[in-house]
Amino acid sequence: MKASPKKLLATLRGARHERTPLWLMRQAGRYLPEYRALRESKGGFLELCYDPEAAAEVTLQPIRRFGFDGAILFSDILVIPHALGQHLWFEAGEGPRLAPPLVDGALASLEAAPQRLDPVYATVARVAASLPPETTFLGFAGSPWTVATYMVAGRGSKDQAAARRMAFADPAAFGAIIDAIADLTVTYLSGQIEQGVDAVQLFDSWAGSLSPAQFEQWVIAPNAGIVRRLKALHPDTPVIGFPKGAGGKLRAYAEETGVDAIGLDETVDPTWADAALPSQLPVQGNLDPLALVAGGAALDAAIDRILAAFPSRPHIFNLGHGIVPDTPVAHVEHLIKRVRGG
């Protein structure tokens, strides 16, 4: 059988390459002039996410410009609560809003609308038909804990206090929210795979706000369930877990969830991660997004340190979180050249 030209996909399956594959979280976004032009023509962010032609174009823009090894689907983690029946909108300059906030049993009052995900599947099909053969196509979803923090509070927050309070005060009600998110997430990711993504990533952006016991209950257990069910349906599709802020709990996450690869945020020492994580587990990361903004010698040193930290482990170069809007395009070009040894 002919070997796949998709180096990033092969890395997720345990291969090592002379040149480290790379992509960047939020690589399709506001730092790109072509994205800003398209976003302005389409109006709101959510409208852009639900327009298959436009969302496919946004997904493809950084591939055309930079030739990344991976393309990440352009969408948002909050399409899941929208499909579960919450109202979702984005306030200019303030971020997402969801109504009603899921307190006092409000989950039971929601009327599910899974058809809201259909445009995302259409986007996946469009992108899959358009990508270069060497480019790995990555789908994604938010992990249950992170999605639940928005659903309970009705908005983003700095400390996730509303969800944390509910998890302590009424774990049965909070667990029902987690279960509803997990069930739809399996369906959603399976749909993405069926339409053509090569691998998927679970984003747990607020995993770092939990104690070890809560982390086990609300991060590890739900993600393990998603991975197990997804693998039963699609055993050959790699799953990347990204529990941002997990720190010393990363090893337990890696060992207990069953993910095929793990993403590191910028606070993790890559040398520590290489020593602490299960042998040969592929890792992804973990450049500080602000180092990419700064550029210069500091950027070069940070890139080199990460590349040197994984001498025998499969590694995908990425950021420790999403690229920020004021990142100079020239710095991204320099990053790619340095990672690829140009």
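Backbone N, Cα and C define each Cβ position, glycine as well.
What Swiss-Prot says about this one:
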type    : residues                                                         : note
BINDING : Arg26, Gln27, Ala28, Gly29, Arg30, Asp76, Tyr150, Ser205, His321 : substrate binding site
SITE    : Asp76                                                            : site 'Transition state stabilizer'
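Less than 8 angstroms from the CB of Ala28 (substrate binding site) sit Tyr35, Val58, Thr59, Gln61, Pro62, Ile72, Phe74, each of them six or more residues away in the same chain. For His321 (substrate binding site), the same-chain residues lying six or more positions away in sequence with a CB closer than 8 A to its CB are Met25, Ser205, Lys244, Asp265, Glu266, Pro289.
Ranked by how many other Cβ atoms sit within 10 Å of their Cβ, the binding-site residues Arg26, Arg30 place Arg30 at the bottom. Of all the recorded positions listed (Asp76, Tyr150), Asp76 has the fewest other CB atoms within 10 A of its CB.
Cα to Cα, Tyr150 (substrate binding site) and Asp76 (site 'Transition state stabilizer') are separated by 12 Å. A separation of roughly 14 Å, to the nearest angstrom, links the Cα atoms of Arg30 (substrate binding site) and Asp76 (site 'Transition state stabilizer').
His321 (substrate binding site) carries neither a helix nor a strand DSSP state and counts as coil.
Tyr150 (substrate binding site) falls within a helical segment according to DSSP. Looking at the residues that bind substrate per the record, Arg26, Gln27, Ala28, Gly29, Arg30, Asp76, Tyr150, Ser205, His321, the two CA atoms farthest apart are separated by 23 Å.
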